[in-house]
């Protein structure tokens, strides 16, 4: 991984009054470019081949310029060119997925957030250690598939967007569906309502919901629309579907807005606070936007089954603000909040606290 000291050396040559915000043209890039422009930054979209035509349909979110590469791996060879433009990369889910964790960790361009979180987020065992260490309630883990005696969710390491997940109720079903060439985790299947909670942690803001260092914000929340799980049961009962050779899949195709009962907000903030505080001790803290992927049970317990330590696509619902963000500032998206953090850090000489 590129060192923090190397990144700080790059920053010494930056014109901090002319920073460029860049990301790969995918995932939440429209929101990121829109938010950066609203905060006065120049924007750069990175794409393979011809720039996507759909950006022409959204002029407020179209990047000011494109960096066209032959492959995503070729981005590594463009580091000097990006640094000459005073670029700060905003990582989203596709950036890490397309570049790969090793390339992303080694990319010689200042990046928003703490890249050290990758080690803890991408390994499900370390992720579980982190969350349990924070006192978070998680679904039970099944170490031996022979011990499956009820519904479980099986996840392959690195599975994103709902791909690489399946549900099994018995060892026999598990054996029928498992790909043993991949590392996997078996979790208890929790019944309830899924909520994806979108937070923002600032190490440089010391007002609002303050922590031991910095402050925590709740910007929004969503629920994912999954194919074919959300519609499949129109065809019959689970037993009838299995008998017909049809099994649910969980590929994310979109997102739906949600709000939570106000009485649950103290617990929601407590979850975010504990996760951030634990991260400060483990790897110096995650920075910026993150998402706790949860299930709310009928006893109003919240169980966390995963964390995404960067902007998630569910925040795209709220480019013009959310019911929660509006109570802090109107028209505040997660993309704009990221740009605002960079802007304040640059103006106050604190970029070293939010980039890696």
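Note that Cβ sites are derived from N, Cα and C of the backbone, with glycine treated the same way.
Computed from a predicted structure; not experimentally measured.
Record features (Swiss-Prot):
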{"type": "DOMAIN", "residues": "101-333", "note": "domain 'ATP-grasp'"}
{"type": "BINDING", "residues": "145-196, 226", "note": "ATP binding site"}
{"type": "BINDING", "residues": "293, 306", "note": "Mg(2+) binding site"}
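Features recorded in Swiss-Prot, as mapped to the structure shown.
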residue	record	contacts (Cβ under 8 Å, 6+ apart)
145	ATP binding site	171, 174, 175, 178, 186
152	ATP binding site	142, 167, 168, 169, 174, 186, 187, 188, 189
166	ATP binding site	153, 154, 177, 247, 249, 250
173	ATP binding site	none
180	ATP binding site	none
194	ATP binding site	223, 224, 293, 294, 295, 296
306	Mg(2+) binding site	127, 292, 293
Secondary-structure category, per DSSP, in which residue 306 (Mg(2+) binding site) falls: strand
Overall pLDDT for the domain 'ATP-grasp' (101-333), taken as the rounded mean: 92
Residue 293 (Mg(2+) binding site) CB neighbourhood, other CB atoms within 10 A: 17
Surrounding CB atoms that lie within 10 Å of the CB of residue 187 (ATP binding site), all protein chains: 20
